[in-house]
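According to TrEMBL:
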type     : residues                                                                                   : note
BINDING  : THR28, GLY29, SER30, THR31, ASP81, GLY82, ALA83, ASP84, LYS94, GLY95, GLY96, GLY97, LYS121 : substrate binding site
ACT_SITE : GLU103                                                                                     : active site, proton acceptor
Amino acid sequence: MTQDEMKKAAGWAALEYVTKNSIVGVGTGSTVNHFIDALATRKEEIKGAVSSSVASTERLEQIGIKVFDANDVASLDIYVDGADEINAQFNMIKGGGAALTREKIVAAIAEKYICIVDNTKQVDVLGQFPLPVEVIPMARSFIGRELVKLGGDPVYREGVVTDNGNIILDVYNMAITDPKAMEDSINALPGVVTVGLFAHRGADVVLIGTPEGTKIIEK
Ligand SMILES: O=C[C@H](O)[C@H](O)[C@H](O)COP(=O)(O)O
């Protein structure tokens, strides 16, 4: 089974959590794109979606699913999204696709975060994947120096401007043994918009595509 086939299996398995007449929180990335394809088969049953990126909004609208502004909903039953890494405590690194800020917002609105991943995303310790940090452009150098003090090697993500008009620093060589503490430390830096550590708001259910089939793990 290829990695994309495992992503597809996880994405389609998430349909089980979609309820009738609901507004579904939708993340961003290649695994989520499979979920959106699956959601298309249920579009007559749901009210619509709240999206975490321009890219996902365009994909949802292309298949005829109404996209609501996050300000139009007080809560969501579920938020379905992938991850770049996920540990056994359901803490995640996200932001490989530069959508971390809006993803964190929509995830915060949702009751339940359904994480869809292939089995290559599972790690014991977060940090093998470079940690994305969304930064106000004027703070780029200052935040870079502060991230070095925290033990990382920050690299400016050339040519990328987020949907919110900010830049991304990818922090290499971090062994994040205390994700909540690291999330708090980076969030506290003036100029950081979002850090791609989803520890305070981790996943609630993880659907893992594997060569043997899709594994479901719930908190
Ligand atoms: O910014 C993008 C999101 O954090 C994605 O969830 C993450 O990068 C995983 O993407 P993919 O499903 O393409 O591996």
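Quick reminder: no glycine exception, Cβ is built from N, Cα and C everywhere.
Bear in mind that TrEMBL entries carry predicted annotations, made automatically and left uncurated.
On a predicted model such as this, the values are computed, not experimentally measured, just so you know.
Feature annotations (TrEMBL) mapped to structure.
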residue : record                       : CB count, 10 Å
THR28   : substrate binding site       : 29
SER30   : substrate binding site       : 15
ASP81   : substrate binding site       : 31
ALA83   : substrate binding site       : 30
LYS94   : substrate binding site       : 29
GLY96   : substrate binding site       : 20
GLU103  : active site, proton acceptor : 31
LYS121  : substrate binding site       : 25
Give me the sequence-ordered set of same-chain residues, not including THR28, GLY29, SER30, THR31, ASP81, GLY82, ALA83, ASP84, LYS94, GLY95, GLY96, GLY97, LYS121, with a C-beta within 8 angstroms of the centroid of the substrate site's C-beta atoms. GLY27, VAL32, ALA99
Enumerate in sequence order the binding-site residues LYS94, GLY96, LYS121 whose Cβ-atom distance to ligand 1 is under 6 angstroms. LYS94, GLY96
SER30 (substrate binding site) and the residue listed as 'active site, proton acceptor', compared by Cα position, are separated in whole Å by 14
In Å, rounded, how far does the Cα of LYS121 (substrate binding site) sit from the Cα of the residue listed as 'active site, proton acceptor'? 18
Taking every pair from THR28, GLY29, SER30, THR31, ASP81, GLY82, ALA83, ASP84, LYS94, GLY95, GLY96, GLY97, LYS121 (the record's substrate binders), the biggest C-alpha distance in Å rounds to 15
Look up ASP81 (substrate binding site) in the DSSP assignment and report helix, strand or coil. strand
